[in-house]
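Okay, structure first, notes after.
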Amino acid sequence: MPADYTSTARALSLPMSPAESLSPAEEDTQPLWSHLASSRRNTASPSARESTGLRDQVVNQATKMLRRTKKTWRRLTFWQRIGAIGAALLAILLGLAFMIFTGQVFFWLGPVAEKWEQSWLAFFVLWLCVFFVSFPPLVGWSTFGTIAGFIFGIWKGWILYATATVLGSTCSFIVSRTILSKFVNRMMERDKRFAALALTLKYDGLKLLCMIRLCPLPYSVCNGAVSTFPTVHPLMYGLATALITPKLLVPAFIGSRIRILSEKNEEMSAGSKAVNICSIILTIGIGIFTGWYIYRRTLARAKELEAKERADIRRSLQADHAAHHPHGSFSEDPDVNTAATTLARDEEERIGFNDFDDDNVDLVIDDESGSENSPNLTKKQFQGPYRDEFTDNDSDVFGDGDGPDSQMFRLHTHVRSG
């Protein structure tokens, strides 16, 4: 009994931090459950730790999103909440209707697909459909690509789909940029994340644009969103869209397989049906995996470029402040300079000093008489570093006596880069 009591007391008195290692004598006196717990912690597999870390990240992201949603919901008025609920219900109904329509459209096209395959009018009408769904917030781009493969086959359908996509996305980009020009300017001046993403497209813009186009993002919404970045030019965006057109073979191929299954269902053997169905599933799986992988790589590349841009701006800020002269422009391109200036303000806040010496303030302290004509607060430009010695233009504070009734004290703090 005394031995058990002593070992239990020692175990309870041990510190919670596992940083310090115990001697063999102390380990022998520890109770059995402490050895079991420590062995379980030490034998945890790396895969278990990775799964725990991934699960924690998912939980944290979900928690942040829930908090943000609740915060936004509290700010809404009564009628805004009614409108939000109505919009959500409408979106759900439209999504269900679109899924039902997509499933039925191939049954409707089955009897006329062979006749429309040789019709240039049908080709042109479907081309216009793909072209116009490039404008936000229209949907149906992937469905029209599958229909193109269903009616015209994989290669002819791909040509229709690719040409309409390239021209439609470029025109949508230009129109969206024209309409959203005020929004773009406001975002560039206020949102540091938007400015950082705009600057990342300055380095390998074409490569990053191709990666964005390969991501599984809503097509028309992506056209409008990318148009808000002033560092992206319409021709570059059109070229990036043209370079990823081999991706468009996926929906065209799926459409052609669906037509074969619908027309020759009774004639095909079970093995042929299985091959066609497996090819469709495999193609969809490859598309999903590729999109997910490129999406992760795109985010990683964007973060890398943002960190590089911030490091360059930080070095420029520190060099200018060490030399005591204001910052010049970051780029000859006005759009790039605007984005860099927005990012520079954020970096100045992180470093601890401002670009224009906002702390250089002349403070006037009036006497107790309180003259109405005496100013209370003025600002002056910084004229030079602090110095102890006097010049001919400087007055001796001890020789001036008490001075006038209103005295001016200059408050100036300047943070030097370490």
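Count begins at 1; order follows the chain as displayed.
Using N, Cα and C of the backbone, Cβ positions are placed for all residues, glycine too.
With respect to the membrane, Trp141 and Lys182 are annotated on opposite faces, judging by the topological domain names in Swiss-Prot. Highlighted: of the candidate stretches 82-102, 158-180, 235-255, 274-294, 158-180 has the greatest count of Cβ pairs under 8 Å to the transmembrane segment (120-140).
Beyond the transmembrane segment (274-294), the same-chain residues lying 6 or more positions past its ends with a Cβ under 8 Å from any Cβ of the stretch are 211, 214-216, 247, 250, 253-254, 257-258, 260-261, 268.
Same-chain neighbours of the topological domain 'Lumenal' (141-157): 102, 105-106, 109, 113, 116-117, 122-123, 126, 129-130, 133-134, 165, 219-220, 248-249, 251-256, 258-259, counting only residues six or more beyond its ends whose CB sits under 8 Å from a CB of the stretch.
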